[in-house]
Amino acid sequence: MADGPDEYDTETGCVPLLHPEEIKPQSHYNHGYGEPLGRKTHVDDYSTWDIVKATQYGIYERCRELVEAGYDVRQPDKENVTLLHWAAINNRIDLVKYYISKGAIVDQLGGDLNSTPLHWATRQGHLSMVVQLMKYGADPSLIDGEGCSCIHLAAQFGHTSIVAYLIAKGQDVDMMDQNGMTPLMWAAYRTHSVDPTRLLLTFNVSVNLGDKYHKNTALHWAVLAGNTTVISLLLEAGGNVDAQNVKGESALDLAKQRKNVWMINHLQEARQAKGYDNPSFLRKLKADKEFRQKVMLGTPFLVIWLVGFIADLNIDSWLIKGLMYGGVWATVQFLSKSFFDHSMHSALPLGIYLATKFWMYVTWFFWFWNDLSFLSIHLPFLANSVALFYNFGKSWKSDPGIIKATEEQKKKTIVELAETGSLDLSIFCSTCLIRKPVRSKHCGVCNRCIAKFDHHCPWVGNCVGAGNHRYFMGYLFFLLFMICWMIYGCVSYWGLHCETTYTKDGFWTYITQIATCSPWMFWMFLNSVFHFMWVAVLLMCQMYQITCLGITTNERMNARRYKHFKVTTTSIESPFNHGCVRNIIDFFEFRCCGLFRPVIVDWTRQYTIEYDQISGSGYQLV
């Protein structure tokens with residue numbers, strides 16, 4: 001073996017050696033045809049065609065004529081390729097059935113790479129042909145002349161549906177080829193997209209296995225290929241940044257050799273996330289996921305309090321206060337670099353919401369309690385708060401409509417979809433390994449498929465879907481009233497405790513006076529106004545979509561992607577829109593002592609837009 005990095009491009013056999021442009025090689029597999037040959041659409045004289053050409057073009061009658069005249073279907077041509085190979089690579093299912101009925105050997109080896117027809121079909125990505133050949137007993141575990149089985153070829157060429165089908169039919173997700181390469185390693189090296197790597201990871205593939213010769217992990221191979229998409233997936237799945245190959249090189253070392261700044265930064269961040277580059281006492285805390293989560297949730301509590309507390313201090317020197325604010329900023333920077341991880345995008349907004357409401361309630365009970373009427377103000381405020389806490393808790397912790405399936409159900413679904421010609425990534429989720437119901441979507445934040453997906457809300461730390469959308473609407477409604485009461489409390493406090501001259505000196509003088517009178521109260525007021533704006537806008541948008549359009553936020557944003565929506569430049573026509581009144585009754589499931597009969601849908605199992613579904617799997621009148 002060579003000593004330098006270039007050895008990875010000079011190894012023989014089924015070791016990564018092809019350049020990216022050779023992934024679809026113009027080789028013996030397609031016999032010079034750039035794409036699988038289509039059927040002839042014009043009248044032609046097929047009577048002079050030999051059986052190989054007729055097979056390539058799918059001329060069934062000519063092929064049958066020659067076979068009936070005595071041609072041996074097992075006989076290879078001058079290039080050692082059988083008719084079954086040519087039918088397989090050009091996806092001629094009817095001819096495959098015919099040739100096998102006439103005695104063709106389904107696993108006969110042929111061609112320069114000594115491959116089976118199943119290998120040829122796999123390389124070209126013909127899932128329907130793979131299914132058909134395996135129905136006739138083709139063995140996907142057989143290796144070709146390069147030492148690869150079908151799952152390795154499918155992973156190399158990015159045929160995700162075929163990878164899924166082969167695994168569902170029993171192929172080992174960690175199967176090694178003759179050179180010790182797993183499907184994950186091939187996908188990491190050859191396929192610069194999320195799939196099939198994401199699919200393999202979902203099947204609990206061994207992320208940190210090393211290949212037979214170089215001892216490179218999938219992360220090593222992704223770095224060698226500059227596959228940034230897959231690098232991110234592997235790191236999220238627990239890829240070991242410090243794993244070393246036979247030369248003692250880590251993935252980070254290889255990235256530095258290639259001087260790829262993006263890869264170097266991300267691999268170093270992965271090390272830091274595990275606490276490897278921190279002092280020992282910080283490393284232990286950094287490695288504690290629960291502690292990191294508490295820090296991310298708790299930081300907003302500290303920051304909101306310190307901002308108001310420093311402003312409220314009876315200190316005339318703004319220099320001192322400025323230095324104190326600088327200390328707050330430095331503390332936040334330290335915490336963020338030491339303990340914040342990729343989950344901060346969901347943890348921080350939730351922490352900000354919880355912290356804001358906590359300090360608002362502290363302000364209400366310690367500043368407003370003695371100034372406001374109990375019956376007319378405090379009692380309604382407390383009742384509203386109970387409803388707010390209930391709906392927030394349900395929005396935060398309840399199941400938003402996660403589509404669940406057992407391992408066996410997932411594999412069964414894959415096989416059923418493949419064998420019916422429906423294993424399309426537009427209706428199949430390669431992460432959750434389920435058939436996606438209508439109106440569902442895979443949430444990239446939660447990494448789950450959600451029924452009737454609306455959006456992922458960072459303010460409640462959860463997706464909003466079929467299971468909690470009504471609670472989310474209740475949360476917005478009662479939150480808006482809570483904020484209005486808070487603003488009312490601030491204004492009342494200023495009227496009772498602050499000397500103001502609004503009518504005499506105008507608005508800006510009034511702002512200065514109330515900010516000086518109680519900086520803490522002014523800080524709470526600013527928070528209230530900020531939250532009022534986004535809550536009011538979100539509530540109005542949600543109500544408009546629910547009542548007038550009959551669609552979710554996801555559907556409104558991506559309507560052009562869904563065939564069942566009719567989209568113009570000015571409107572979206574939804575098959576789920578039944579008029580404002582009907583939409584409201586169905587969404588909130590209003591019954592009013594039997595006056596209304598809402599239509600209840602199990603969106604986790606609804607795969608079509610038709611409404612005449614039986615109870616438990618579709619629309620149901622109550």
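Even glycines carry a Cβ here, placed using N, Cα and C.
The topological domains that Swiss-Prot gives for GLY495 and ASP586 carry the same name, which places both on one side of the membrane.
Proximity of distant same-chain residues to the transmembrane segment (348-368), defined by a Cβ-Cβ separation under 8 Å and at least 6 residues beyond the stretch ends, is recorded for 296-301, 303-305, 308, 340, 381, 385, 396, 458-461, 482, 486, 489, 492-493, 520-521, 524, 527-528, 531. Helix, strand and coil counts from DSSP across the repeat 'ANK 7' (247-276) read 20 helix, 0 strand, 10 coil. Same-chain neighbours of the transmembrane segment (316-336): 295, 299, 302-303, 306-307, 310, 344, counting only residues six or more beyond its ends whose CB sits under 8 Å from a CB of the stretch. The list of residues near the repeat 'ANK 7' (247-276) in space but at least 6 beyond its ends in sequence, with Cβ under 8 angstroms from a Cβ of it, reads 5, 217, 219-220, 222-224, 226, 228, 231-232, 235, 239, 241, 282-287, 341-342. If one looks beyond the topological domain 'Lumenal' (337-347) by at least 6 residues along the same chain, the residues whose Cβ comes under 8 Å of a Cβ in the stretch are 236, 273, 278, 282, 285-286, 291-293, 295-297, 445, 456, 458, 461.
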